[in-house]
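Participant: Can you read through this structure? Questions will come right after.
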Amino acid sequence: MDIEAYLERIGYKKSRNKLDLETLTDILQHQIRAVPFENLNIHCGDAMDLGLEAIFDQVVRRNRGGWCLQVNHLLYWALTTIGFETTMLGGYVYSTPAKKYSTGMIHLLLQVTIDGRNYIVDAGFGRSYQMWQPLELISGKDQPQVPCVFRLTEENGFWYLDQIRREQYIPNEEFLHSDLLEDSKYRKIYSFTLKPRTIEDFESMNTYLQTSPSSVFTSKSFCSLQTPDGVHCLVGFTLTHRRFNYKDNTDLIEFKTLSEEEIEKVLKNIFNISLQRKLVPKHGDRFFTI
């Protein structure tokens, strides 16, 4: 595996001599705009592999994306290779319908320490929940970013990531009540502890998430990619583009239903993905918002 090939894949051309917050932010932003958050392997009949060599091959050599366990594993390797002090952490994702956090540790995120300060770095949540900058590990502080205002809160050794969202405008009235729309203005995202993890800690959950009928990842095919002003999402046959804060503290969300023939073109033109096997788009009933 070659760090230069990774940096070329994400389009990062600047110096990486300084292990500072600016460099870390730049690498994160390049990755989230180049590497989609996606689970298309499952819906092409392939496995979502946790091995670093397999992830490198998929993302760097074959120009694909992956889900959190893959893209954040790759980012962990890249940041560590560059010289950042990086730790894997495990997260518990909030379920809006159940009104509780997952019992299983289903999310991989990173902690990076720079000059004695700790930051949360996550390139693998996608959609309008994706951080664009590292979050300083401070409890109760609002941290405004382009997508929203993020807030970390600590209680009894558990940390909670929440977001304060804008209003949203959907010009196509056909989609005003889409099940993909987020209703909450204040949204809980996930919880985590600062206990260091290894990729082996996620192996059983990686299998469960891609095989269980109750998993959102088997229920829906999706692909999400950040842009300089928003985010593209493809869920099943539904394509959306969200423009953050297009006016008056409001996000603009445009919807389009694609035909099967259009999906291949959209994957290539918007997400820069060419699949080797046939995708079977799926929009099941598990809760998933953009």
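Going from the start of the chain as shown, residues are counted 1 onward.
Keep in mind that glycine also has a Cβ here, set from the backbone N, Cα and C atoms.
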Participant: Thr103, Gly104, Ser214 bind CoA according to Swiss-Prot; which of Tyr94, Tyr208 goes with them?
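Facilitator: The record-listed residue among the candidates is Tyr208.
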Participant: Rounded to the nearest Å, what's the C-alpha distance separating Asp122 (active site) and His107 (active site)? Just drop the number here, would you?
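Facilitator: Computed Cα spacing between Asp122 (active site) and His107 (active site) is 10 Å.
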Participant: Using the Cβ center of Thr103, Gly104, Tyr208, Ser214 as the CoA site position, which other residues in that chain lie within 8 Å, going by their Cβ?
Facilitator: Ser102, Ile106, Met205, Leu209, Ser212, Ser215
Participant: Quick check: in three-state DSSP terms, what is Tyr208 (CoA binding site)?
Facilitator: helix
Participant: For the CoA site as recorded (Thr103, Gly104, Tyr208, Ser214), determine the largest distance between any two Cα atoms, in Å, rounded to the nearest integer.
Facilitator: 14
Participant: Taking Cα atoms as reference points, rank the recorded positions Cys68, Thr103, Ile106, Ser214 by distance from Met1 (N-acetylmethionine) and give the first.
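Facilitator: That would be Cys68, the closest of Cys68, Thr103, Ile106, Ser214 to Met1 (N-acetylmethionine).
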